[in-house]
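Enquirer: According to Swiss-Prot, the protein has these features:
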{"type": "BINDING", "residues": "Cys48, Cys51, Cys54, Cys58", "note": "[4Fe-4S] cluster 1 binding site"}
{"type": "BINDING", "residues": "Cys80, Cys83, Cys86, Cys90", "note": "[4Fe-4S] cluster 2 binding site"}
{"type": "BINDING", "residues": "Cys113, Cys121, Cys124, Cys128", "note": "[4Fe-4S] cluster 3 binding site"}
{"type": "BINDING", "residues": "Cys152, Cys155, Cys158, Cys162", "note": "[4Fe-4S] cluster 4 binding site"}
{"type": "DOMAIN", "residues": "39-68", "note": "domain '4Fe-4S ferredoxin-type 1'"}
{"type": "DOMAIN", "residues": "71-100", "note": "domain '4Fe-4S ferredoxin-type 2'"}
{"type": "DOMAIN", "residues": "119-138", "note": "domain '4Fe-4S ferredoxin-type 3'"}
{"type": "DOMAIN", "residues": "143-172", "note": "domain '4Fe-4S ferredoxin-type 4'"}
Amino acid sequence: MTVENLPRRQFLRGKFSTLSCLENNQKQNFVGIRPPWSVENSIFVARCTRCGDCLSVCETNILVKGDAGFPEVRFDNGECTFCGKCVDACKQPIFYPRDQLPWSHKIDISVSCLTLHRIECRTCQDNCPANAIRFKLQMGGVAQPLVNFDACNGCGACVQGCPVNAITMNDLKQNE
């Protein structure tokens, strides 16, 4: 069923918004982050039952119900510890084996970073458990962030601590 052939009664009950979100998710317009070890988005959306089992076991509460009820990662709630409980709780075949990399997300620091405006801040470095963020001293200026992308595991610990929301996680596979 598409939005075009949605019965009038369901339209009036608000079903069009859920259906529209579902169609956008299936067309891979989704720009959020799925749980670690998730399969490609089109397969994920087709197989996920939106039961919420993965949400209830997430120890850091970063998994939330997103568009059309599908689980998404919100790093502003915390970081991913890669505990794998979401994978273990799911009864559907929507996850890769846990011996593979959990995802290809890496840190991206925007131009709103305080250090780029000559304001001292190192909260991202302080919060990074992988020590992937370092600061290079500048002669007569404020130290600038340097990211070791090989060390960054995409856990998102740096996101929550940033006072100006200058940090996001980007999927390197989508940028190739």
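Quick reminder: no glycine exception, Cβ is built from N, Cα and C everywhere.
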Enquirer: Around Cys128 ([4Fe-4S] cluster 3 binding site), which residues of its chain at least 6 apart sit with Cβ under 8 Å of its Cβ?
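Expert: Same-chain residues close to Cys128 ([4Fe-4S] cluster 3 binding site) (Cβ under 8 Å, separated by 6 or more) are Ala157, Cys158.
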Enquirer: What kind of secondary structure is Cys162 ([4Fe-4S] cluster 4 binding site) part of, going by DSSP in three states?
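Expert: The residue in question, Cys162 ([4Fe-4S] cluster 4 binding site), is coil (DSSP, three-state).
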Enquirer: Quick one: Cα separation, Cys51 ([4Fe-4S] cluster 1 binding site) versus Cys90 ([4Fe-4S] cluster 2 binding site), in Å?
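Expert: On Cα coordinates alone, these residues lie 9 Å apart.
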Enquirer: Counting only residues 6+ apart in the same chain, whose Cβ is under 8 Å from the Cβ of Cys48 ([4Fe-4S] cluster 1 binding site)?
Expert: Phe70, Pro71, Gln92, Ile94
Enquirer: Let me know how many other Cβ atoms fall within 10 Å of the Cβ of Cys155 ([4Fe-4S] cluster 4 binding site).
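Expert: Around Cys155 ([4Fe-4S] cluster 4 binding site), other Cβ atoms within 10 Å: 25.
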Enquirer: Between Cys155 ([4Fe-4S] cluster 4 binding site) and Cys80 ([4Fe-4S] cluster 2 binding site), what C-alpha distance do you get in Å?
Expert: 5
